[in-house]
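Q: From TrEMBL, for reference:
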type     : residues  : note
TRANSMEM : B:12-34   : transmembrane segment
TRANSMEM : B:40-65   : transmembrane segment
DOMAIN   : B:64-142  : domain 'YdbS-like PH'
TRANSMEM : B:197-221 : transmembrane segment
TRANSMEM : B:241-266 : transmembrane segment
DOMAIN   : B:274-350 : domain 'YdbS-like PH'
TRANSMEM : B:377-401 : transmembrane segment
DOMAIN   : B:413-466 : domain 'YdbS-like PH'
Amino acid sequence: MRSLPDKSLAPKALSVWKISAVIESVFLFLIPLAYWGTMQIWELPLWILYALIAFAAVIAVLDIFIIQTLKWNRWKYKVYENEVELMRGVFIVERVIIPMIRVQHVDTRQGPILRHYKLASVTISTAATVHEIPGLQMEVADELRDQIAQLAREADPDE
Amino acid sequence: MNNWQRQHPAAIFISFLNSLKQLIVTLVLVFIFGQTSQGMSSIFFISFFLLILFGSLISGFIGWWKFQYYLKEDELQVKQGLIFRKNRFIRRDRVQSIDINAKVIQRIFGLVELKIETAGGGSEPEFRLIALKRDDAELIKKELLEGKSASQEKEGYLGEISEGMAQSLSLSDYKEAETKEQESSKAFTWDLTPKRLIIAAITSSGVGIAATFMAAVISQVPQFLPDWLINIAIGWIVQSSIVYVGMFLVTVLISAWIFTIISTVLKYGMFSVTKRGKDIHISRGVLEQRQLTLYENRINAVRIVQNVLRQPFGYCAVYVESAGGGTKEEDLSTILLPLCKRNEVMNLLEELVPEYAFEVSYESLPKESMRRYMIKLFVPLFIAAGIITYFFSYGWLAFIFPIAGGTLGYIQYKTAGIESFKEYLCIRSRQLSKTEVFLPKRRIQDMVHSQNPLQRLDQLFTIEVSVLTTVVGKVFSLKHISSQQKENYMEWYSYEESTETLLPEENI
């Protein structure tokens, strides 16, 4: 059995994800709002409105308090000498292997929320795909970027 | 040819016709899919149309006037643009593929179009010269393909993937460059015989797409029929809706089939592939002639496809995934052999891309995955059939579909197989067509194993690998492999010696 990757993301990343989930769930409440809008024009049953509100609320609560935590718990990465391994996904669990000799470049990037929490994401690009390790502490992210870049440079092409 | 040159003036006309064609396509689409509403006044519409025509004529002229190219040693320089000037330098060692096409428009003038694809993605990985004399195009192709001095020969065709990749390529190129001189004299050529062209056309799988299009067109036909005819037809339809639906389907299928046969013949007629040194030259087409040059070491995967009509007769088509050269119609792949017998493939690949010439016996999937393949197709169709039965008379006939779906699922399970042969990963799978793909480990950019909640019940996984094709990456996957197979292929792909030798991150 190949051992699972064991490095977690920064604990603060969970807070950032929860904030993003709150922002996203605001949009979820647009559905009952739109229904309420149509109710002003046509006669429509009221109970559907309550059902929609309840639905949006349940989804929002699940997303903010459970899904994000599960997602954070699942997210693991590990940097080996010759490859990077990622594990992610709440329902569909993915394990990704990216060999160092296939890495074309590594970046760190930050959005406004990430910056506020002094976090950054690391993106690893190959010729065909791009993978992101979201939400690491800034110093860790910078270190990781330099480390992967270094290992990618050293990777032996004959292997 | 040592100065700045413009394209043939016909370029103006060609680019004008191209924009006209797009305009007409848009109009036809609007006509077919949007029901005609008389909202817009026709004068406004016509003047708008004329304005666009005039505009595209002017822009075609400016485009031609301000577009100049200069063929130097090992390099093609291009400057273009009126307001935003742009200079491009296309270096020989960055060229991925060279395409010489003669579309119908170009053929009127006896000209060709030259398409060059370069490495390194970017916003414009491909580059076109739309109107050139064939001699000029051949000259550019020759310069960018072979170069003049022999010393540059040894640089090989690099400029791709990582530095390490380039090194490993250049080593092998070195050896091959020496033998290239001798090899270039003897070339291997394979032609698509007329008999096989006909078979390819009849068994082409483009029918589905054509059928959708035909259905859209035919459903618009009643608009043009006189009212009395429609009245008779409707009276008859109401009596026997099943017959009508059947008639409609048959008409659609037959016309789609004929359409596909003609288009396949036009597309793959005069197909010929030649291997000279490390270059693979493909030329094809009756009306639109296309000549494409690929490099053997740019090929990232080989795919052998047998559709349902071809499999019983042992025929198949062979595609290559190459950085450069792919077209949208073929999923960004390039067709190498439009039709040949499956048992000839190995010998043909031996000549064309010897690296991929092998046969493998695939390891089949575990028993548990049979259920997954069958349920996935059976259940949704079963529910749909239930709903149809409830709402329509004769709806119970729809229960044919879940049975067919379940059977297809079983066949998919039987087809599915995976094997690693030396440094190659081989995957065999089926949607409808049976597809085999050979992927060299050094071309696989990453490997993903995923598991959804249903797969978790049976400890099954999906394996996905990505390779680079024209411009974008392409993913090949196989569903429902066993956890043992997952471990094997992880280990096969992993570049770590063993799990014991990992370096803790902190120590580096």
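The first residue you see is number 1, and the count goes up from there.
A Cβ is built for glycine as well, from the same backbone N, Cα and C atoms used for every other residue.
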Q: Work out, from DSSP, the number of helix, strand and coil residues along the domain 'YdbS-like PH' (B:64-142).
A: 20 helix, 41 strand, 18 coil
Q: Over the domain 'YdbS-like PH' (B:274-350), what is the model's mean pLDDT?
A: 86
Q: For the domain 'YdbS-like PH' (B:274-350), what does DSSP give as the number of helix, strand and coil residues?
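A: Computed counts for the domain 'YdbS-like PH' (B:274-350) are 18 helix, 40 strand, 19 coil.
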Q: Provide the three-state DSSP residue tally for the domain 'YdbS-like PH' (B:413-466): helix first, then strand, then coil.
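A: Going by DSSP assignments, the domain 'YdbS-like PH' (B:413-466) contains 12 helix, 32 strand, 10 coil.
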